[in-house]
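Here TrEMBL flags 15-37, 49-68, 88-110, 130-148, 195-215, 227-250, 262-279 as transmembrane segment. Marked as domain 'G-protein coupled receptors family 1 profile' by TrEMBL: 31-277.
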Amino acid sequence: EFILLGLSDTRELQVFFFTFFLLAYAMVLLGNLLIIVTVRTDPKLSSPMYFLLCNLSFIDICCTSVTSPRMLVDLLSQRKAIAFEDCIAQLFFLHFVGTSQMFLLTAMAYDRYTAICKPLHYTAIMSRRVCWALVLACWAGGLLHSIVHTLLTIQLPFCGPNKINNYFCDVPPVIQLACTDIYVTERLIASNSCLVSLLCFSALVTSYVFILVTIRVRFTEGHWKALSTCASHAMVVTLFFAPCIFSYLLSFSTFPSNKPVCMIYTVFSPAMNPLIYTLRNNEVKVSMWKLWKRCR
């Protein structure tokens, strides 16, 4: 088994963190479920953009549910032990849904590129069949990436230290406990993460370059509306990509403890996404208001 050191040893701080992260977790669940229900019940929100947004909300729920429940339990526990099998399972599902979200954000950027740069062909290009294919490809890519990370981790021998300086099991702190030289494993894991991150980031940057060029050449009211949704998407991408790149592309030994950074993509980003997309999107706000009036 491993021992999770958690966020703090002070009892007062543990109670504070428990209350804070319980509210944050409830916000993630309620906010993202509200988006899913709103999109599913309003026929006006049947475009590919909202279909992908609905899937993003589902992934946000999955991502934070991998770490938050365990963290909340440990904050009230004296001994924060986790079995080896449970630790590997948490590591696997965290990378599964996290990488799937990275691919989905890239697919959403492609959707915005198609809507702005190829508006006359948008319906044909982003058909329902294509949307489902993109979503399934995102999950498949996340699964493959997670399998590689997990296999590289479980093949290491663990026979000595068992204290993980974090509140959940992740690749960098876990492999540091291996009873062998992990230089090659670190390089392989970093290369795997680097490949996925660079591919997604390159696709995102390319799509936004084409979007900005198109808007500069011909700017209409419709383009302004599309650009507003791009701004929301860019904020979500920044909240998710920046901490992930910091955690996995930099040397693992340089930053042995990055708990504040981990909180961004496991708790704060899933909690902020519903606010970003609802506060900046009038269609979603109107649909939510209609849903509220029907439920009263």
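Count begins at 1; order follows the chain as displayed.
Note that Cβ sites are derived from N, Cα and C of the backbone, with glycine treated the same way.
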Requested in this report: Could you check if the transmembrane segment (195-215) is in contact with the transmembrane segment (49-68), meaning 3+ Cβ pairs under 8 Å among residue pairs at least 6 apart in sequence?
Outcome: no
Report summary line: Tertiary contacts of the transmembrane segment (88-110), defined by C-beta under 8 angstroms and 6+ residue spacing from its ends, are 49, 52-53, 55-56, 59-60, 62-63, 66-67, 70, 82, 134-135, 137-139, 141-143, 145-147, 149-150, 153-154, 168-171, 174, 196-197, 200, 203-204, 207-208, 233, 236-237, 240-241, 244, 265-266
Query raised in the report: Near the transmembrane segment (49-68), which same-chain residues lie under 8 Å Cβ to Cβ, leaving out any that are not at least 6 residues past its ends?
Result: 21, 24-25, 28-29, 32-33, 35-36, 39-40, 90, 93-94, 97-98, 100-101, 104-105, 107-108, 111-112, 115, 128, 131, 134-135, 138, 167-168, 229, 236, 265-267, 269-271, 273-274, 277, 284
Requested in this report: Looking only at the domain 'G-protein coupled receptors family 1 profile' (31-277), report the model's average pLDDT.
Outcome: 84
